[in-house]
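These features come from Swiss-Prot:
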BINDING   Cys12, Cys96, Cys197  [4Fe-4S] cluster binding site
BINDING   His41, His74, His124, Thr167, Ser225, Ser226, Asn227, Ser269  (2E)-4-hydroxy-3-methylbut-2-enyl diphosphate binding site
BINDING   His41, His74, His124, Ser225, Ser226, Asn227, Ser269  isopentenyl diphosphate binding site
BINDING   His41, His74, His124, Ser225, Ser226, Asn227, Ser269  dimethylallyl diphosphate binding site
ACT_SITE  Glu126  active site, proton donor
Amino acid sequence: MNILLANPRGFCAGVDRAISIVESALEKFGAPIYVRHEVVHNRYVVNKLKEAGAVFVEELDEVPDDSIVIFSAHGVSKAVREMAKSRALKVFDATCPLVTKVHMEVHRASRKGSEAVLIGHAGHPEVIGTMGQYENREGGMYLVETPEDVAKLKVKNPDDLCFVTQTTLSVDETSDVIDALRAHFPKIQGPRKDDICYATQNRQDAVREMAGLVDAMLVVGSRNSSNSNRLRELAEKVGAKAYLIDDASMIEADWLAGVEAIGVTAGASAPEVLVQSVITRLRELGGKVVAEHPGREENVVFEVPPELRIL
C-alpha cells in the first residue's frame with residue numbers, strides 16, 4: 001500500500017498566528033491565560049495549550065476581573081468586544097486577518113445601511129462573529145447556506161444588497177450559492193476578492209487533484225473543524241472513500257482492505273505531528289512507499305501583536 005501526502009496540508013498562517021499568540025501570552029504573563037472559545041478547532045492543539053496553562057471558556061462572564069483574555073481565530077461579535085472593554089479586560093485578538101477582512105466588509109455595509117447576506121454554517125463561531133458585525137437596525141443581515149435558502153430569502157431592498165462568505169467553506173458549494181444569489185438578486189454586490197481563504201482553497205485543490213490517484217483518503221482534523229469536514233466531503237465527492245480522524249488511534253484496519261494507495265491530508269488547524277503519527281500507523285498496517293504529492297507552495301505569514309513578540 002502506497003501512502004500519498006497532500007500538499008499543502010495542515011496549519012495555515014492564521015492558525016499559526018493564533019497558537020503563537022496564546023503561547024507568547026503564556027510565556028510573557030504566565031498562567032492562567034483565558035481564551036474565549038477553542039483558539040482553533042483541534043483537540044490536540046487545545047489540550048497542549050491547556051497543559052501549558054490556557055483556560056478555555058465560552059463566554060466572558062467566565063473570565064475573572066483583571067485577567068488576560070484571547071479571542072479565538074474565528075473572531076467575535078462587536079458585542080463581545082464591547083463587553084471586554086467595559087470590564088477593562090486585557091485583550092489579545094487572535095482573529096485570523098482574513099476573517100477580519102470579512103468583518104470589515106460587513107461593518108461597511110452596516111454603516112452605509114446596505115443589507116448583507118452571509119453564506120455560512122449556522123452556529124459556527126466564525127458565522128456568529130461575522131453576523132455580530134452588523135448593527136444597523138434600518139438594514140438587515142441574513143444567513144444562507146444553500147441555493148434553497150436563497151430561493152426563500154426576502155430582503156427589504158434588493159437594489160442595495162451585498163454578500164460575504166465564511167472563510168472555510170467548500171469552494172464548489174459556495175460557488176453554487178453565489179450563482180443563486182446573483183440570479184435571485186441581480187444587483188447584489190460581492191467582495192472584490194472571494195472571501196474563502198487561500199489555505200481553504202489550496203487544501204481543497206490538493207485533495208481534488210489527489211483523489212483520483214488513491215483508493216481512500218484520511219483527513220486529519222477534529223469533527224468541529226469546518227475546513228476539515230469540507231476536505232472529507234470533497235474527497236468523497238470526487239470518488240475516494242474518505243475518513244475524518246483526530247489522530248492515528250482512530251484508523252481502523254478494515255478501512256484499508258483492498259486499498260493499494262491511500263492519501264493523507266490535514267485540515268488547517270491540524271499539526272504536522274498528527275500527520276506523522278498517522279504515517280507511522282499506516283506503515284504498521286502495511287504501508288510502504290511514502291510520497292509527497294506536489295502542490296501549491298504557501299509563504300503567507302501573519303505577525304503576532306507587537307506586545308507579544310518574543311525577542
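Glycine is treated like the rest: Cβ placed from N, Cα and C.
These figures come from a predicted structure and were not determined experimentally.
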Of the recorded positions listed as Glu126, Ser225, Ser226, Asn227, Ser269, the one whose CA lies nearest the CA of Cys197 ([4Fe-4S] cluster binding site):
Asn227
Is any of the binding-site residues Cys12, His41, His74, Thr167, Asn227, Ser269 within 10 Å of Glu126 (active site, proton donor) (Cα-Cα), and if so, which, in sequence order?
His74, Thr167
Sequence-ordered, the binding-site residues among His41, Thr167, Ser226, Ser269 whose CA is within 10 A of the CA of Cys12 ([4Fe-4S] cluster binding site) come to Ser269
Can you give me the residues near the recorded dimethylallyl diphosphate site, meaning same chain, not His41, His74, His124, Ser225, Ser226, Asn227, Ser269 themselves, Cβ no more than 8 Å from the center of the site's Cβ atoms?
Val40, Pro125, Glu126, Thr168, Asn224, Ser228, Gly267, Ala268
Among the dimethylallyl diphosphate-binding set His41, His74, His124, Ser225, Ser226, Asn227, Ser269, as the record gives it, the longest Cα-Cα distance in Å:
15
Measure from the CA atom of Cys96 ([4Fe-4S] cluster binding site) to the CA atom of Ser269 ((2E)-4-hydroxy-3-methylbut-2-enyl diphosphate binding site) and give the result in Å, rounded to a whole number.
12
In Å, rounded, how far does the Cα of Asn227 ((2E)-4-hydroxy-3-methylbut-2-enyl diphosphate binding site) sit from the Cα of Cys96 ([4Fe-4S] cluster binding site)?
14
Which has the fewest other CB atoms in a 10 Å radius around its CB: His41, His74, His124, the listed binding-site residues?
His124
Residues close to [4Fe-4S] cluster site centre defined by Cys12, Cys96, Cys197, Cβ within 8 Å
Ala13, Gly14, Val15, Ala73, Pro97, Leu98, Val99, Thr167, Thr168, Tyr198, Ala199, Thr200, Ala268
Report, in whole Å, the straight Cα-to-Cα distance of Cys96 ([4Fe-4S] cluster binding site) from Ser225 ((2E)-4-hydroxy-3-methylbut-2-enyl diphosphate binding site).
15
According to DSSP, which of helix, strand or coil covers Asn227 ((2E)-4-hydroxy-3-methylbut-2-enyl diphosphate binding site)?
helix
